[in-house]
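Comments concern the structure below.
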Amino acid sequence: MKAETPSFEAHQFVRVRRGDAVRRLIQRDKTPLAVLFMAAVVGTLAGLVGVAFEKSVNWVQNQRIGALAQVADHWYLVWPLAFILSALLAMVGYFLVRRFAPEAGGSGIPEIEGALEELRPVRWWRVLPVKFVGGMGTLGAGMVLGREGPMVQLGGNIGRMVLDVFRMRSPEARHTLLATGAASGLSAAFNAPLAGILFIIEEMRPQFRYNLISIKAVFTGVIMSSIVFRIFNGEAAIIEVGKLSNAPVNTLWLYLVLGMLFGCFGPLFNFLVLRTQDLFQRIHGGNIKKWVLIGGLIGGLCGLLGLMQPSAVGGGFNLIPIAAAGNFSVGLLLFIFIARVVTTLICFSSGAPGGIFAPMLALGTLLGTAFGMAAIPLFPAYHLDAGTFAIAGMGALLAASVRAPLTGIVLVLEMTDNYQLILPMIITCLGATLLAQFLGGKPLYSTILQRTLAKQEAEQAAKAQQAPRENT
């Protein structure tokens, strides 16, 4: 029996349904051009602010060092001047934060994570100037802080500023541009576009709403910020360590051991950061005068330490290539490592506007290089290069402390231009992350955010209890 042929109307119905399905698919994948345009604006502004922030900090540092050089031959002048200049610069940063924008203190990354969850406010009109000028003061004073945290917060606030200027009310656009600004800020700080993207996806994965619109916007913003950075600073790697040798397969187990070493140190480092924060809170008790004076004392001591041991202060970018080249002995590397652990804890935990990314990269380099130099005489047949362990160590502490191994791997490879070391980097960061997790360590930024939210809830509860008393 002959099968019945479908009618013309049936063919038309099927064709229409297919067309509707295709249109729905296209519509679902269609990113509003307005969002991409604003993402490009956010990325461009974040790149410009990043370049301006870097050059401003360098200018302040050069002015301070230049003033000290003028009296370098007179010890009775150079020591007091080193303390006074750094103390005054640091006090500017502490005062601005405490007086005008408390949320601008510290790294700023937990604030962006909280804002992505609508748990923390984004008051860009006061955070932008306070974080910029305050960061110039604390970083210019030579304190052990990095510019990446401020740049992430500045970028996120730029995203919210652009949103308000264009009067976008969509919750999705608000979230997307905030994430775009944060990624663009990190990219502009390190000249690491892929790391900026991965940082949002990996470190802020609980808060970031991953979809076709948001990821395209993040890509667009990061591209623009990277282009702006390279226009002003060139395309060379931000940390010049040269091309290092490959890691032979029979030496890879050493990188796992190194990763386990960082896996033990990472949770301890996080614990010390939190305890030091509590210590400073007990000392100043929220009093602005005590807080600023303590900040000035810390800044002044960093200025003095810079005269005695310059490698113990500053963000650490200048120290990394020197240490990775094997110019220090194992004993000196460990001494500088311990000194920088102490100064990093004091400077970051005091609430100064500045990040901890760069100091952690320097700490990882020091310990990684020391491990490599100690292993060379123990395994002469391996023909080891201490520099490869320095590169692996850079990302390992970041992986163990922040719990973002993929970001740590890509960030270090982009900054040093040593992509051939990706395998030992993966092994080291994986070992560090797994052991840190096994030991019960918590991600640093998430823990700081939880403490901030708990403090916020306590303050709100106190105000709620105080209101009825005032009315009676």
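Cβ coordinates come from backbone N, Cα and C, glycine included.
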Any idea which of 26-30, 106-110, 416-420 is down as motif 'Selectivity filter part_1' in Swiss-Prot? 106-110
According to Swiss-Prot, which candidate in Y210, Y255, Y445 joins S107, I356, F357 at the chloride site: Y445
If you compare the topological domain names in Swiss-Prot, are P32 and A324 on one side of the membrane? no
Out of 177-189, 193-201, 405-416, which stretch touches the intramembrane segment (109-116) the most, going by CB pairs under 8 Å? 177-189
Over the motif 'Selectivity filter part_1' (106-110), what does the predicted model average in pLDDT? 91
Can you give me the Cα-Cα distance between S107 (chloride binding site) and E203 (site 'Mediates proton transfer from the protein to the inner aqueous phase') in Å, rounded to a whole number? 14
I need to check the long-range neighbours of the transmembrane segment (77-100): which residues 6 or more away from its ends have a CB within less than 8 Å of a CB in the stretch? 60, 64, 67-68, 71, 126, 130, 133-138, 140-143, 288, 291-304, 306-307, 350-353
Beyond the flanks of the transmembrane segment (148-166) by 6 or more, those residues with Cβ under 8 Å of it: 34, 38, 41-42, 45-46, 49-50, 53, 104, 106-109, 111-112, 115, 122, 124-125, 127-128, 131-132, 135, 173-174, 177-186, 188-190, 199, 221, 225, 353-358
Excluding S107, I356, F357, Y445, which residues of the same chain place their Cβ within 8 Å of the centroid of the Cβ atoms of the recorded chloride site? G106, I109, G146, E148, G149, F348, G355, M360, V402, L444
